[in-house]
Amino acid sequence: MNTNLIILGAGGRMGSTLIRLAANSNDLTIAAAVEPKTRFVSNLPEHCVVAANLEDCIEKFPHAVIIDFTSASSTMENAKLAARYKNPLVIGTTGLNAEEKKQLAEYAKQTPIMMSPNMSVGINVLLDILPKLTAMLGADYDTELMEIHHNLKKDAPSGTALRLAEAVAEGKKTKLEDVACYHREGIIGERPANEIGIQTLRGGDVVGVHTVYYMGAGERIEITHHAHSRENFAGGALRAARWLAKQEAGRLYSMHDVLKG
Ligand SMILES: NC(=O)C1=CN([C@@H]2O[C@H](COP(=O)(O)OP(=O)(O)OC[C@H]3O[C@@H](n4cnc5c(N)ncnc54)[C@H](O)[C@@H]3O)[C@@H](O)[C@H]2O)C=CC1
Ligand SMILES: O=C(O)C1=N[C@H](C(=O)O)C[C@H](O)C1
């Protein structure tokens with residue numbers, strides 16, 4: 001089966017990687033590339049439409065799967081359009097707040113939507129394991145997370161770090177918002193036992209590093225995921241697009257659903 005794609009943020013780091021990978025596949029067609037800075041879009045296949053915004057082209061491509069790696073505010077506008085025109089939507093954008101995620105769950109009742117802050121297999125397998133690992137280690141192990149990304153990243157902490165921290169909180173049978181600590185400075189006192197610390201580092205061209213630490217008496221576990229390139233994320237997003245094209249609307253899907261098949 002051939003799947004038509006509309007790639008949003010086509011001139012960006014993820015958008016351009018998606019175009020390169022999709023153009024080399026046998027079962028995907030890039031129908032449209034959307035990017036306000038159209039001069040940054042390159043390497044497009046013949047017949048691909050270029051538009052400055054989704055509204056200008058969505059009507060031409062009913063059923064095309066939209067892939068969105070843009071910014072939180074753009075994603076919300078794009079999701080509204082996808083819901084209106086019933087196009088499936090894969091969202092990789094991070095930095096969305098709780099209210100925006102709630103709104104996306106509403107749109108997902110109108111059209112199939114899959115959202116994941118990290119499209120890699122490794123991180124998603126880790127997300128499955130962390131609640132159990134955290135519960136097995138128990139309250140004697142202090143849990144902290146650290147993420148490192150390139151100096152052009154706009155949101156912090158990364159969407160992945162927040163999702164990993166939620167999985168840890170689940171294992172501790174608590175809510176992340178009740179125990180998260182994003183900043184330490186000055187005379188802060190002893191570390192509360194149930195706290196989950198989340199620290200952000202930024203620099204250079206780091207694609208993405210996430211570490212979860214479990215620190216106990218006399219031992220420490222560190223689990224680190226290194227993304228070697230953006231192809232890893234783009235490959236996951238294309239896999240999600242193929243899968244989503246066959247799904248019904250109903251609830252907000254995740255990469256877990258995609259990997260389950
Ligand atoms: N879920 C995942 O696996 C991954 C998620 N991300 C997330 O994806 C997002 C984008 O990351 P990058 O590609 O590094 O950023 P980027 O800044 O290189 O690219 C974003 C592009 O979107 C364009 N854009 C802005 N508004 C738009 C609109 N309304 N319609 C179409 N295009 C629009 C911008 O002009 C820009 O070219 C970020 O939120 C990032 O955290 C990044 C990598 C992996
Ligand atoms: O902005 C990025 O680059 C990345 N963002 C995602 C996030 O915020 O988790 C995923 C990945 O680590 C790269």
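Every residue gets a Cβ built from N, Cα and C, even glycine.
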Out of E35, E77, E144, E147, which one does TrEMBL list together with G9, A10, G11, G12, R13, M14, G92, T93, T94, S116, P117, N118, M119 for NAD(+)?
E35
Report the residues of the chain - excluding H150, G159, T160 - with C-beta within 8 Å of the mean position of the site's C-beta atoms, for the recorded (S)-2,3,4,5-tetrahydrodipicolinate site, in sequence order.
T94, P117, N118, E147, H149, K153, D155, S158, A161, G208, H210
Across the domain 'Dihydrodipicolinate reductase N-terminal' (4-119), what are the DSSP residue counts per state (helix, strand, coil)?
44 helix, 25 strand, 47 coil
With DSSP as the yardstick, break the domain 'Dihydrodipicolinate reductase C-terminal' (122-259) down into helix, strand and coil residue counts.
52 helix, 32 strand, 54 coil
